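Enquirer: Dropping a structure here in structure tokens format, bear with me for questions.
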């Protein structure tokens with residue numbers, strides 16, 4: 001995840017004289033006892049603020065929004081600044097915290113979570129996300145990293161399921177999801193209050209919309225993280241066949257044993273509060289995709305596998321599986337709002353998004369064609385399972401495949417953990433409760449992975465039901481409601497309705513097909 005700076009602009013008014021200062025009149029942080037270069041100094045400052053919780057409950061907080069030069073007043077609900085640090089009548093402090101977004105110990109993030117849980121709109125306490133120069137220079141890479149995941153391993157299987165003509169569906173899905181990405185941008189531009197994907201749902205359909213978006217996101221994250229365990233188990237079993245051990249008299253062998261082992265390895269990373277290192281490792285998704293693609297090309301061209309399979313033109317029975325897996329490849333829409341607000345020049349969003357989609361689509365199509373030409377209709381749900389393990393190129397591809405999901409797993413489930421912990425505020429700060437929640441989450445994922453060890457079918461289900469919902473249907477519905485486009489018949493409305501009809505068809509047929517396949521193989 002990217003490192004960003006979040007300024008939190010707070011002003012204090014005693015109810016008699018309203019303090020209002022411009023963005024350029026902020027007092028020097030050093031004068032307030034803050035060390036700009038020390039994360040510890042920043043954290044200690046916010047600790048002090050939180051230790052003074054409700055200490056100034058009789059005063060009114062003046063909150064400055066840097067986007068529109070306006071201010072809003074509300075009674076203090078918990079975020080306060082002690083008098084010894086800031087003069088409550090005259091000063092407006094600009095507090096910055098540079099830290100990767102994955103670090104959920106940051107006090108500004110806790111503050112914003114507190115506000116959202118109490119239904120206080122983000123504009124009333126604006127945390128304006130500004131990109132640092134590094135983020136601005138590599139926005140496309142960051143977007144591509146969110147798209148470049150385990151989906152690249154399954155596109156040859158998807159092409160084999162649907163036939164050569166199913167590549168047209170890949171382009172259709174890519175075009176549709178690119179357009180819905182632009183709709184998300186338009187939803188955010190319609191109201192500066194919108195800072196996240198659940199905010200879009202809330203702005204469009206109220207609390208029900210926020211709940212639907214949040215539940216969809218969390219279930220998708222849970223099943224994808226479960227797919228990570230299955231992927232790890234399959235590839236490790238392919239490298240080291242014959243592995244088994246005994247737990248309480250129960251023999252665990254093959255893929256199941258590796259799923260358990262990987263879960264044990266991953267578990268300590270789930271317990272971490274600061275995931276800065278993991279965020280940087282997981283951001284290497286683009287590099288991992290290029291390495292895997294290069295290894296597959298080398299295996300086919302140099303290691304003797306060849307590209308001699310012809311394949312079939314079209315396989316009607318396999319089209320639902322193919323289009324579902326294609327949809328799974330474009331399921332990063334829930335993070336678009338965060339990335340959008342993190343861009344310095346937000347007007348470049350559409351161009352950055354286009355470059356990302358073009359790069360990822362070319363990568364997916366190339367991998368699909370190479371894999372299908374190499375292994376034909378016999379290609380497995382993960383192309384790495386078809387590679388000869390005695391070749392260096394194969395080992396490079398498999399090891400790269402194994403490392404990235406391990407780094408990403410904790411980041412994937414952290415939003416789920418936060419959602420669960422937020423429901424139990426009285427236990428929120430108890431370390432033992434947090435460890436229990438995280439351990440239970442991983443344990444349940446292991447149970448699901450062992451019970452349904454079908455990576456291709458599970459990801460097909462995720463793509464058809466959850467990815468289509470989050471990346472196609474919800475952006476369209478929210479945009480129609482927010483913009484009022486549904487009231488005006490025109491080309492835009494026809495286009496959006498056409499995309500939604502396609503999405504509903506994929507959702508129904510793809511979900512049914514995936515469930516049938518899973519049940520048949522249980």
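From the backbone N, Cα and C atoms, a Cβ is placed for every residue, glycine too.
Pasting the relevant annotations from TrEMBL:
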| type | residues | note |
| --- | --- | --- |
| DOMAIN | 144-514 | domain 'Amino acid transporter transmembrane' |
| TRANSMEM | 157-179 | transmembrane segment |
| TRANSMEM | 211-230 | transmembrane segment |
| TRANSMEM | 250-270 | transmembrane segment |
| TRANSMEM | 277-299 | transmembrane segment |
| TRANSMEM | 319-340 | transmembrane segment |
| TRANSMEM | 352-375 | transmembrane segment |
| TRANSMEM | 395-414 | transmembrane segment |
| TRANSMEM | 435-455 | transmembrane segment |
| TRANSMEM | 461-482 | transmembrane segment |
| TRANSMEM | 494-519 | transmembrane segment |
Enquirer: Counting Cβ pairs under 8 Å that sit 6 or more residues apart, are there three or more between the transmembrane segment (250-270) and the transmembrane segment (352-375)?
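Expert: No, these stretches are not in contact.
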Enquirer: Ranking 157-179, 211-230, 461-482, 494-519 by the number of C-beta pairs under 8 Å to the transmembrane segment (395-414), which range is first?
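Expert: That would be 211-230.
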Enquirer: Taking residues 6+ outside the transmembrane segment (435-455), which of them lie with a CB under 8 Å of any CB in it?
Expert: 154, 222, 225-227, 229-231, 233-234, 255-256, 259-260, 263, 266-267, 270-271, 381-382, 413, 416-417, 420-421, 517-518, 521-522
Enquirer: Would the transmembrane segment (211-230) count as touching the transmembrane segment (157-179), if touching means at least three Cβ pairs under 8 Å and pairs must be 6 or more apart in sequence?
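Expert: When sequence-distant Cβ pairs are counted, the transmembrane segment (157-179) does not touch the transmembrane segment (211-230), since fewer than 3 lie under 8 Å.
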Enquirer: Six or more residues out from either end of the transmembrane segment (157-179), which same-chain residues have a Cβ under 8 Å from its Cβ atoms?
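Expert: Distal contacts: 311-315, 318-319, 321-323, 325-327, 329-330, 333, 353-354, 357, 360-361, 364-365, 368-369, 371-372, 375-383, 456, 471-472, 495, 499, 502-503.
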Enquirer: At a C-beta cut-off of under 8 Å, are there same-chain residues at least 6 beyond the transmembrane segment (461-482) that contact it? List them, or none.
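Expert: The answer is 176-177, 180-181, 183-184, 186-187, 190-191, 200-201, 203-205, 209, 212-213, 216-217, 219-220, 223-224, 227, 320, 323-334, 493, 496, 499-500, 502-504, 506-507, 509-511, 513-515, 518.
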